[in-house]
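Working notes for the structure below.
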């Protein structure tokens with residue numbers, strides 16, 4: 001028993017380590033970009049008339065395109081990776097991710113030799129983006145390795161993902177301050193340790209099959225119950241039902257129902273009914289509105305496509321800023337030194353934002369109804385956009401950056417939480433995966449916005465940012481008004497439970 005527990009500790013620890021060094025490293029692009037510029041990547045695209053300028057428009061657009069494509073690909077991959085995980089298990093996903101990291105590193109290591117065949121920087125960075133979901137999503141099943149601490153395990157994995165963008169920040173600091181000869185090729189030669197580590201873990205200590213599917217993990221995280229609506233092994237239920245007398249009464253009823261011969265179709269257990277009724281009230285009437293519907297019916301609903309519209313703009317704004325933070329701040333502050341300072345602050349705060357804010361985000365979700373949480377999300381998103389419109393103010397732009405690094409993990413967590421509560425757990429992987437996939441495809445428009453900023457607007461980010469702020473406000477208000485119109489008092493039956501939920 002002890003050895004099994006030790007093994008599961010080791011599994012979680014190893015997963016956190018490799019997520020920290022591979023899951024979301026592409027989002028550290030703002031820190032990597034100065035190194036690529038210094039190494040002369042794509043400098044051949046510059047017109048000789050540009051002189052000895054370190055960065056020209058064509059080069060900047062091509063570098064930003066690398067990130068735009070990678071951010072698109074990593075979001076698109078969420079849907080197929082979830083399916084592969086459920087079909088073939090976490091070991092296969094982890095090994096695929098490891099191989100992709102090998103290939104990505106190989107492109108950077110041999111870039112000078114491959115440049116005549118294809119674009120090794122674009123291919124390499126895109127492969128890093130594809131690898132991320134494979135090595136990250138395959139870890140979700142570990143949330144049930146310690147059933148009573150599934151939320152803690154998920155928080156550790158999510159924190160590791162959010163902090164992984166720090167890898168390129170560390171590289172930039174080493175490159176600029178101590179090891180100027182540590183070029184991209186040498187760095188990724190050292191980076192080969194990461195895929196080797198992942199592969200070794202997958203072939204030795206990591207589980208071959210999932211403890212649970214992605215949908216089951218979502219149910220455990222939200223309800224604290226397993227896929228059959230039962231208490232998780234080893235859980236007394238005190239966290240779900242604080243009152244001991246009430247808890248023992250419900251558990252007794254549960255045991256009595258368990259003795260009844262099984263039915264062809266599973267119906268909600270007594271505990272499941274109790275928990276979901278509490279969640280329905282706690283969420284302000286949002287929990288369960290589309291539970292039991294098919295994925296197709298859910299996708300046709302305004303609950304899906306109105307959230308999708310907001311998510312499209314939100315994700316685009318986040319990734320567009322990551323790619324263009326330096327050039328935006330140079331224009332707004334009209335001071336390259338201050339812009340560089342803000343860029344450096346952003347590089348440091350981005351990985352810290354997720355790690356620091358995750359516990360507070362959890363507390364907010366636990367103690368605030370869903371509509372209020374969405375209102376906070378919408379307000380924060382709008383505020384960040386407004387601060388990004390203020391010229392000649394280091395302070396306001398700094399506040400906007402601080403809000404953005406906290407908002408990024410907040411956005412992802414709230415959209416995921418909304419999806420599980422509204423659409424349910426049976427279709428969670430499909431519906432949430434589709435939402436992420438569509439957002440990823442739409443993210444390619446980031447490249448068009450960047451081109452317009454460089455050419456049409458002469459580096460002025462104001463028109464693009466203002467448009468995105470207006471769209472944010474419109475879509476936020478539309479979704480808010482729709483939710484308010486749909487939340488109606490639910491009839492309560494004689495047992496005191498909402499009629500939405502079917503008991504045994």
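Every residue, even glycine, has its Cβ placed from backbone N, Cα and C.
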Which candidate, of 238, 262, 498, Swiss-Prot gives the annotation phosphoserine:
238
Go through the topological domain entries in Swiss-Prot and note whether residue 119 and residue 460 share a side of the membrane.
no
According to Swiss-Prot, one residue in 259, 269 is annotated as phosphoserine; name it.
269
Which residue does Swiss-Prot record as phosphoserine, given the choices 210, 249, 372?
249
Given 40-60, 187-207, which one carries Swiss-Prot's transmembrane segment label?
187-207
Proximity of the transmembrane segment (120-140) to the transmembrane segment (463-483), 3+ C-beta pairs under 8 angstroms:
no
Can at least 3 Cβ pairs under 8 A be found between the transmembrane segment (187-207) and the transmembrane segment (65-85), with each pair 6 or more apart in sequence?
no
Counting a contact as 3 or more Cβ pairs under 8 Å, with residues at least 6 apart in sequence, do the transmembrane segment (12-32) and the transmembrane segment (303-323) touch?
yes
Could you give the mean pLDDT over the topological domain 'Vacuolar' (208-302), rounded to a whole number?
62
